[in-house]
């Protein structure tokens with residue numbers, strides 16, 4: 001049976017991956033929801049207006065929205081379907097993306113209810129990355145500790161000859 005750690009990583013990976021595929025698709029096409037698509041268009045226009053550096057670099061709201069949407073879809077697919085290290089890399093890119101989105105929301109002065117989902121999914125991405133990068137607990141390889149006092153060697157037996165260990 002799979003360990004609880006593995007089940008947690010798989011569940012978070014699939015849920016987060018599907019969420020980002022969905023959100024990225026909304027940014028790319030109005031087929032899923034015309035209202036959400038038009039809201040995304042409006043929001044990204046305000047992000048570009050609030051950050052003139054993007055205009056100087058030649059990045060307009062359409063390019064920004066489509067590139068973020070494509071990155072979300074690609075990383076979401078990797079998080080959902082691809083095993084191993086690429087999943088952690090996609091997790092890291094999505095975490096950076098969430099931080100950028102939080103920055104944009106703060107920049108334009110959006111209320112908390114507009115970006116609360118980004119906070120929650122940023123925390124979930126962080127948790128998934130921490131759990132995935134934590135080394136596996138190898139309790140079976142550890143030596144079993146003696147259970148009774150008779151099985152425990154005395155301090156005298158542990159100490160080198162001629163020396164007594166004092167603790």
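Keep in mind that glycine also has a Cβ here, set from the backbone N, Cα and C atoms.
When Swiss-Prot is compared with the stretches 62-82, 146-166, the one noted as transmembrane segment is 62-82. In Swiss-Prot, the annotation region 'Interaction with NGFR' applies to 43-54, one of the ranges 19-30, 31-42, 43-54, 91-102. Counting Cβ pairs under 8 Å to the transmembrane segment (62-82), the stretch among 6-26, 89-109, 115-132 with the most such contacts is 6-26. Residues 60-62, 64-65, 104, 107-108 of the same chain lie 6+ residues outside the region 'Interaction with NGFR' (43-54) yet bring a C-beta within less than 8 angstroms of a C-beta in it.
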